[in-house]
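Feature annotation from TrEMBL assigns domain 'MacB-like periplasmic core' to A:21-237. Look at TrEMBL and you will find A:21-42, A:264-295, A:316-349, A:355-377 tagged as transmembrane segment. Here TrEMBL flags A:274-387 as domain 'ABC3 transporter permease C-terminal'.
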Amino acid sequence: MRLAEALRVAFDALRANRLRSILTMLGVIIGVAAVVILVAIGSGAKAEVEKQVQGLGSNLILVVPGSLEIGSTPTASRLELSDVEVLGRAVGNPNAVATTVQSSESVRVGDRSVFTTINGTNETVVNVFDRPIARGRYISASDVDTRRRVAVLGSTAARKLFGDVDPIGRQVTIAGVRFRVIGLFTDVGSTFGVDRNAEIHVPVTSAQRLFGVERIDALAVKAPTIESIPDIQRRILAALAEKYPGDKFSAVTQTQILGTIGQILGLLTLVLSAIAAISLLVGGVGVSNIMLVSVRERTKEIGLRKALGARQKDILLQFLIEAVLLTSIGGLIGIALGVGASVLAAAVSPLPAQISWWSPLLAFGVSAGVGIFFGVAPARRAGRLDPVVALRTE
Amino acid sequence: MTRSYDLEGGLVVDALRGASLRIDRGEYVAIVGPSGSGKSTLMHLLGCLDRPTSGQLLIADRDVSTLDDTELAQLRNETIGFVFQSFQLLPRITATANVAMPLVYRGTNRSERNDRARAALEAVGLGHRLDHRPTQLSGGEQQRVAIARALVSEPTLVLADEPTGNLDTASGTEVMHILEQLNAEHSVAVVLVTHDNDVASRARRRIRLRDGVIESDDGAHLSAVNTS
């Protein structure tokens, strides 16, 4: 029997039991759509993180207390402001060391107010991180030394607080304390729905007084070249070990952070995909079940076809094609739904879904494969039916 | 030939206990006998739907027992046409598609299949029913579609199992006419199994089975003479 003819017969059979075919497909549809969506979200999240970490600037080493490995517990920071100088000496360039202490505070201008991240930083931030200033100026060394109450605003913070008014030179009230706006950042992207343009930077010394803390959260060191990174990491850790004997610190590059985050996201995607794959498997079992019912229902037809000259192979192929058609159509619908849902999620929610070219192809391949795998047993049963017995069936 | 079935519990049923017969091209044979006499078993053996337990079956000089399933399917497809008591038409497809089905398994292309199916339907007087589905046809018409399906592959042997069993007298007579005409005009051997004495009496040769053996065969010596 020709393939085209077998396809037509299979189509007719599926059409004849339309509702049953659709319900059977549903299992495959849901499984495939789930795989496509979860892979899209997983790879989207990974791409987003990579973009963000890369956006931090090149040859950057972040210094944080504790260990950055998966499964380690966060450690309370013992870093303090004087460590900026310690590291400056250790790496031989005080201008390459930046610091930050963060807290979320409410910020008010007149009757407008926002709740956002306040970053206490020093003057080296514009050098160490790629954070260009659009207008005005950044925090200076003397701002830090004299605990001046000045602030640099991201574009979202500026728009929410000042609307169309030019904020430079005006006052903002951060946690009840008044600061003067001295500069505006150039726009940057957002991470997982957290808008970095909503950030406000103030001198680290003013921030510490404002938050009532002595600590700093993290240090960042810019290495002059990629080759110098391992050496600088060693020097940083040595300097900190000397000052804080027995404490653990991490000095990591973007590549290492990316690796760690990639590992976490990869694992997460794998687990979610495995769950989705189970639903695909259940869908496949449903297909197998329905094919067995179909073979039983059409025993007489099989007997007749055999009497008229159908070979075992012809009957097997006919039912296998029917099963594969069922899962392939389900797979295509599932892909369409999955891609649609991913695009929608990326557009209206903070989930950074990203469709990769291979995931729909893989999903289609897998669903067709499910059809073959779960269709073979019923199809073989059909092919082996004894025509005499089959014809006698009522 | 003999044919026995192993039933559950080690029971062996001898459905056919030794039947020898020869059917020549163009013969018209009725197989009669009470229920359980082995008629259907003999039919299935002749139709290559089943193999004898012992003995030999030669169809067109080929020993059926030496053929595998695929060769057997091909032999059925090319040499044998079936007509069943309950018509055995697929309800979802048209008369033409039903008739064309044997050609599908021969690999004939679609337009030729349709042409030959139409011609076969016209030959049984159903040229006006080409695109009807079996459910839209009367019993007599359905059996004529089934005969057209048996004809379309130009077989040398047509096996009809109680072809009039589900039909009223008028339709039954019509179907018998067509089978006789087919036998006469195309020199196709027609073997029919029947309970109906009227139907059996129209055949030129009657084989009577009882308890798995041939009780009488009024054409046996004739065909032996013819072929010797």
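Glycine is treated like the rest: Cβ placed from N, Cα and C.
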Confidence summary for the domain 'ABC3 transporter permease C-terminal' (A:274-387), mean pLDDT rounded: 89
Cβ contacts under 8 Å made by the transmembrane segment (A:316-349) with residues that lie 6+ beyond its boundaries: 1, 3, 6-7, 9-11, 13-14, 21, 24-37, 40-41, 44, 283-284, 287-288, 290-291, 294-295, 355, 360, 363-364, 366-368, 370-372, 374-376, 378-380, 382-383
Long-range environment of the transmembrane segment (A:355-377) - Cβ separation under 8 angstroms, sequence gap at least 6: 28, 31-32, 35-36, 39-40, 43, 277, 280-281, 283-285, 287-288, 291-292, 319-320, 322-328, 330-332, 334-335, 338-339, 342-343
Residues of the parent chain within Cβ reach of the transmembrane segment (A:264-295), under 8 Å, 6 or more residues beyond its termini: 13, 17, 20, 24, 26-32, 34-35, 38-39, 41-43, 45-46, 49, 70, 302, 319, 322-323, 326-327, 330, 366-367, 370-371, 373-375, 377-379, 381-382, 385
Structural state census, the domain 'ABC3 transporter permease C-terminal' (A:274-387) (DSSP three-state): 98 helix, 0 strand, 16 coil
